[in-house]
Amino acid sequence: AAGRGVGRWGRARTENWVDSRTIYVGHREPPPGAEAYILQRHPDNRIVSSKYTFWNFIPKNLFEQFRRIANFYFLIIFLVQLIIDTPTSPVTSGLPLFFVITVTAIKQGYEDWLRHKADNAMNQCPVHFIQHGKLVRKQSRRLRVGDIVMVKEDETFPCDLIFLSSSRADGTCHVTTASLDGESSHKTHYAVQDTKGFHTEEDIDGLHATIECEQPQPDLYKPLGSENLLLRGATLKNTEKIFGVAVYTGMETKMALNYQSKSQKRSAVEKSMNVFLIVYLCILVSKALINTVLKYVWQSEPFRDEPWYNQKTESERQRNLFLRAFTDFLAFMVLFNYIIPVSMYVTVEMQKFLGSYFITWDEEMFDEDSGEGPLVNTSDLNEELGQVEYVFTDKTGTLTENNMEFKECCIEGHVYVPHAVCNGQVLPGASGIDMIDSSPGAGEREELFFRALCLCHTIQVKDDDDVDGPRKSPDSGKSCVYISSSPDEVALVEGVQRCMGFKAIGDLFFRFELLEILSFDSVRRRMSVIVKSATGEIYLFCKGADSSIFPRVIEGKVDQIRARVERNAVEGLRTLCVAYKRLVPEEYESVCALLQAAKVALQDRERKLAEAYEHIEKDLILLGATAVEDRLQEKAADTIEALQKAGIKVWVLTGDKMETAAATCYACRLFRRSTQLLELTTKRIEEQSLHDVLFELSKTGVLCSAPRPLSADMQDYGLIIDGAALSLIMKPREDGSCGNYRELFLEICRNCSAVLCCRMAPLQKAQIVKLIKLSKEHPITLAIGDGANDVSMILEAHVGIGVIGKEGRQAARNSDYAVPKFKHLKKMLLVHGHLYYIRISELVQYFFYKNVCFIFPQFLYQFFCGFSQQTLYDTAYLTLYNISFTSLPILLYSLMEQHVSIDTLRRDPSLYRYIAKNALLRWRVFVYWTFLGVFDALVFFFGAYFMFENTTVTSNGQIFGNWTFGTLVFTVMVFTVTLKLALDTHYWTWINHFVIWGSLLFYVVFSLLWGGIIWPFLSYQRMYYVFIQLLSSGPAWLVIVLLITVSLLPDVLKKVVCRQLWPSATERVSSPRGPWQRLCARTHIVCS
């Protein structure tokens, strides 16, 4: 009988599905006479979130790293240096490339090892199986579809299970799904009717049953037999043990299907670097091509190609012309290769790695209560924190503390406020309730109202001294805790108990028999109970959203209560209305028959139940309304307000109900008093077609599409959409297209100041983020959440932030950054993000600038050396220019610079707008830096050239040679680019002074030693005495000072003029005090 029952149940659920799976409980053989059964293969129960294995790490990681244009380019240059005879050594390219590849591989390998470690901990968890009537303990990864599992209280379900039986007599169990949908409240699940009497291992082992169910799908809110299905990741509560059969395992569980695969994230700055790299590659190729062509033009004269002192060999004369030209082209490429230094990528990696410690060291982002500080899981995205345009946030546990507090109730128009409840705690020696107006009480109605609150709920009571945060009854010495699927219900029952002395159970004066529960659902938005008093009277008590109660009321002070409800809703309180009606015995019997018929229906059971509830819950008498506050996290509202002032759009994505989420949005000031809400919900789509609703909303949105400042007296719009409506928008249309609906939806969203997405499955959260991320503006997105249900959107967004909360650490583990509280997001974006972006933007532009200064004189020199690929600088200078002479000052700048103070950034969030859209790496700024580098290079080269032409520059009348000329150009260049950075520095510390002046001193000392000592390990020493001879010349000193001044003057003048005529936002708010600070302020890197 049991087998047939379960079989019927399975088929009833899946008769419309073609693609289904058949499961034999306990791996029993199919019964004789059963239909032909094809054995289906199912995955084991292993969860895999790692990216690499031991065998594929090296090839896969190398492939990913060499997909980077820079790494691939340096590999090619290194190979060219190995193959042909080039002016420079292969070591100059090979060593830095090897260093970058190795450091990156170690970092990524360590991160993946942590993921392997977490996977192994999960896959090796012990699970209790039923085998041959006995309990067997095995590792979770060995579990297979069809295995019967026993789960004990407070254990997590190891896979998706069909609930067979429970230790509770009524065949129910309570679970929390915080890691799945973010709701930490308790939910009630029901065992399959035919198996709920199987309580022992022997009974369960004797079960012959077949389950037919649909193939795995990620939707959490439409699972097969949702009341019978226990999902992986949920936790068993307030139930000693349950038995269940595995239907979906491993990567087919709903939890795993809602995981987004972890992909490599790249910042906007890195993408800009790659684009600039391509531009400089084109410049490099052009230089090499021009020099190659001009070399052969110049050598077309025989006496130039083969002078008498440098005759060619016979083999050289017979060598193919095109091969010679190609070899020369490659040699020029290597000679000018330093225009794109690998050291820039090393410096960027070091800047990101070291810079990330400023977040972890920030004491203001440390939470004293939890003892947690911020975490940085990847340092690749530091600067992306300064470019965020959209923030997608979870609600429960992220914006709120998920801690409800009873605030007031309104009975018959009279308002009552508990005067003794403070933050959910009863003040010593105080109990009772205050009426805030002086009207007389409502008598019987008041008593009925509080009785309704005590009875109309699904709370379970647990006596346990070990429960966290026990609630002590005023009249009882033992601890008890209320467990419910809704934290609102707990707040209401506790509030009434504290204020009036009513208890949920064991009341000494009134006892009621619970006859029926009409459960809450998101369509009806209400719940009811039918109870019988000790005197035999039968009542129906109903509570729910005002929109679902008021239309069903025929009596009561509707207008007064509605006014109070609307006022509370505006204040962000969660409101519920309470009503009742008396049932005569005959009426109750007809209600019973109607409910029973709907409950046992195998076809359209949900629809028939809904119709029965609709018929029963009418002609009610309104009693009053309640107001409960879901306490926001500290400074959550201030943080959202600051983000909006910074030009960031904030969206709330939650699995919670619409009314609850909307109330929170009002409380945290995402929606304002003046906000007009646009609804795109299932209820509205049922009344109108999706196309009509979207078209109507888009017409409304046009009215507010013009940009305007955010202010209270301007009409702004907020959009509310639910998961089912989003599914319809994302679903491809019959003609195969889905673009139109998506574009309409995006247009509506753009015109709204805030968006609330409710009843979202985890994968739908990721879909929303991806939809915005791939829209035509390509905005930078950030997702923040605290539960495993937020992991998908955290991985999908450009930047993912996990809140180290009460719902486990999965979000924090899978995120790029983790913070203890939502309020810390403000400083992370508006201060750290802003400064990171400013610093790395200058680093990138400065590196390209100083290498244009470095290589362009080398290009000009070829016109004066017969295009012979002769280097202008000594090999030591070529190698050390980017490694030693100019690298440390820019690294320290990119770690320490503050163009405005931290207090100013915190006080004025609007400054964040001025660096949005990658403002400091736009083409205009890039071209300016490039031309500045070209100008300075022309000054270095031709200034030195004209000074030396036809002039004796030493006391003994000697003319300087080519190495002296190159050293003079190099000296001017090192001093110019270093002083340029000093002029750009706003925030001076002793470290900056030490590094900047120390670098210049190091260059001078190194040059004196390199040319002043005979080094035994060098076969020849072309720089011997060169630098000392240069410094012994008075004209050389004059030229060095003059050329440095001429090089820096245009940039200084441009900055002074820009600051006076077109000051940037940061320049307007900054107020330098001393003369040196004023000089520095004039050299800000951006002009408005």
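A Cβ is built for glycine as well, from the same backbone N, Cα and C atoms used for every other residue.
Ranges compared are 500-522, 592-614, 960-982, and TrEMBL records transmembrane segment for 960-982.
Here the domain 'P-type ATPase N-terminal' (40-93) is broken down by DSSP into helix, strand and coil counts: 28 helix, 0 strand, 26 coil.
A sphere of 10 angstroms centred on the C-beta of Thr396 (ATP binding site) encloses 29 other C-beta atoms. Using a 10 Å radius centred on the Cβ of Asp786 (Mg(2+) binding site) and all shown protein chains, the other Cβ atoms total 32. Across the domain 'P-type ATPase N-terminal' (40-93), mean pLDDT in this model comes to 82. For the binding-site residues Asp394, Asp790, the ranking by surrounding Cβ atoms (within 10 Å, all protein chains) places Asp790 first.
Considering only the binding-site residues Asp394, Gly655, Arg759, the residue whose Cα is spatially closest to the Cα of Asp786 (Mg(2+) binding site) is Asp394. Among the binding-site residues Phe520, Arg574, Gly655, Arg759, Asn789, the residue whose Cβ has the fewest other Cβ atoms within 10 Å is Phe520. With respect to their backbone Cα atoms, Asp790 (Mg(2+) binding site) and Gly655 (ATP binding site) stand 10 Å from each other. Using DSSP to sort the residues of the domain 'P-type ATPase A' (124-255) gives these counts of helix, strand and coil: 17 helix, 57 strand, 58 coil.
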